[in-house]
Amino acid sequence: MGKDSRRKGIEWRAAGWMARHPAMTTAPAVLGTSMVEFGPVTTASVLAGVGAAGLSWYRGHPATFDRHAAPWMRAFRQRWVRYIGRRWRGLMIDCEFGRENRRTGHVEVPRLLRVRSASPSIDTLYIKPLRGQSFKRFQDAQDELAMALRADALGVTKVKPGVIALTVVRGNPFTDIVAPAEIPADAADVDLSAIYMGEDEHGNDWTEPFIGGKHLLVCGATGSGKDSLIWNPLRAMGPAIRDGLVQVDFLDLKGGMTAGSHRQFFHRYADDPDEGLKVIEAFRDDMKATQRHLAAEGLRNFTVSRETPFRLLMIDELAMMTALGSSGTTRAAIKLMAEVMTQGRAPGFGLCAYVQEPTKDIVPVRDLFTGRVCLRTTAENHPDMVLGEGMRQRGALADEIPADDEHAGIGFRVDKYTRRPVRVRAGYATDEDISELVRTCTPDPASQSNVIQFRRDEDTDEDEQAA
Ligand SMILES: Nc1ncnc2c1ncn2[C@@H]1O[C@H](COP(=O)(O)OP(=O)(O)OP(=O)(O)O)[C@@H](O)[C@H]1O
C-alpha cells in the first residue's frame, strides 16, 4: 500500500484539532502560565473574581445576562456535552452520513463546525458535509436527524457552499396559556414605548414599542393567534384610549369578524376595502394636519396629549387592502401607507398590519415595518420574509409550529440587540377580556370630537386663506 493508505498521525490530528479550537487550547496554557508566573493564590483569586463578577451580573441584571452571556455559555455547554466528538460521530453514522475512507479504512463523518444556541430550546448546528454529500441528502434525512437529535422540529438550511445549518428546536416552553395584558388603572400608567404583548420563552414580559416611528407587522396563518396581538396592545393602552390620548382607527377587512361588534371603541372603523381606503386617507390627512400644527408651533416632535394624541391605524387582513381589492384601491392604499410609515414618527402616527402571507405582492412596503412578529406560517420561506434573512436558520422555525390550540399565539420576534430570534407567546385575550376593554375604555364621543378640533379649525383657516 502507498503512503495514502495510512491515516494521519495522532500528533497531526491533535494539532489540527487545536488549530480548530483555539479557545480550548489557549485556556489551559494561559492558566498554566499564570500559575507559574503569578502563583496559585493570585490565579485562584483572579478566577474567583471573574466568577463573582459573572454571578453578580447573572443576579443583578438578568435581562442583559440572558441576552448576551447565556447564549454563549449555552452554546459552549451544548458543544462540549451534547454534541461532543464521539456522540456526534455516532449520531452521524446512525443517520447514515458516515463513510469509510477506502484508502485508510477510517469512517469519516460530516464535521461539526460551530454550535449556536439562541435560546434554551433552540440550537443551530453548522456542519461541513463530506465531499459528495448534497444539501438535498440532508433535507431528505430530516426526519431521521430530528429523531436522532430528539428534536421536536428540525430545519435544514444551506448557509454557503460547503456549510449546512441544522436548526434544532426542542420542547414547547409555553405549556400554559399566557394571561392577557392588564388594563392599567390610569392613563399615566400606559407606557407607549413598551406595550405588553405576552411572554418570551424565558418567562419575561414581551413588550413592543408603539411610538418613535414603530410600525408593527404580524404574520400568521389562519388560526395562528393574530387576534391576540390586536387586543393585547389595545388593553395595555386602554385608559389612554378612553382619555383621548390615543386614538385607534381599525380596518376589519375579514368582513367585520374581528371587531364588528365593538366598532364604537374605535375612532374610525371600516370593514370593506373601499371604506378602508377612506379611513387610511383620513388618517394620512390627520397626519399632515398634525405636521402643520407642530411646524406652526416650532415643534419637531409630538408629545402625547389630548391635542396631539398618539394615532394608531390597525389593519386586520392587510391582503384585502394591498392585493385583493380593485387595482385603483390597492395602489392608493399602498401609497398612503408608505406615506404614513415614512413620516409618522414625529407627528405620532403608527401602523400595525396583520397578514397571513408576507409575500412582496401582499406586503409591498414590508421594509417600512420596523417591528415584526412571525406566528405559525404555512411556508418555509415566510419566517425570513417577515423577520429578515437568515432568521429561520438561526432558529425561527415558524413553519414547523404545529397547527393546534396548544401552540396558538406562539411565534418569533427578533431581539433588537443580539439579532437572535426569540420564541414568544401572545397573551390570550378572551371574548370577556375584549368586552371588559370595550366596556371600560370606550372613549366618550363628545370628548373625541374636542380632541381633533384644532386641526379642523386650522384646515378651515387655510382653506379660507387659499380661497
Ligand atoms: N395567545 C393565545 N394563546 C392560546 N390560544 C390562543 C391564543 N390566541 C389564539 N388562541 C386560540 O387560537 C384560535 C385562533 O386564534 P385567532 O382567531 O386569533 O387566529 P387568527 O390568526 O386571527 O386566525 P384568522 O386569520 O383565521 O382569523 C382561538 O380561537 C384560540 O382558541
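Our numbering is plain: 1 for the first residue shown, then up by one each step along the chain.
Note that Cβ sites are derived from N, Cα and C of the backbone, with glycine treated the same way.
Feature list (source: TrEMBL):
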type: DOMAIN; residues: 192-384; note: domain 'FtsK'
type: BINDING; residues: G220, A221, T222, G223, S224, G225, K226, D227; note: ATP binding site
type: REGION; residues: 442-467; note: region 'Disordered'
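The sparsest Cβ neighbourhood within 10 Å, among the listed binding-site residues (G220, G223, G225), is found at G223. Checking the binding-site residues G220, A221, G225 against ligand 1, the ones whose Cβ sits under 6 Å from it are G220, G225. Summed and averaged per residue, pLDDT over the domain 'FtsK' (192-384) gives 90.
Same-chain residues with CB within 8 A of the center of the G220, A221, T222, G223, S224, G225, K226, D227 CB atoms, the ATP site residues themselves not counted, are Q356, L375, R376, A408.
For the binding-site residues given as A221, T222, S224, K226, D227, the lowest number of other CB atoms within 10 Å of the residue's CB is seen at T222. Under the three-state DSSP scheme, T222 (ATP binding site) falls in the coil class. Secondary structure at D227 (ATP binding site), as computed by DSSP, is coil.
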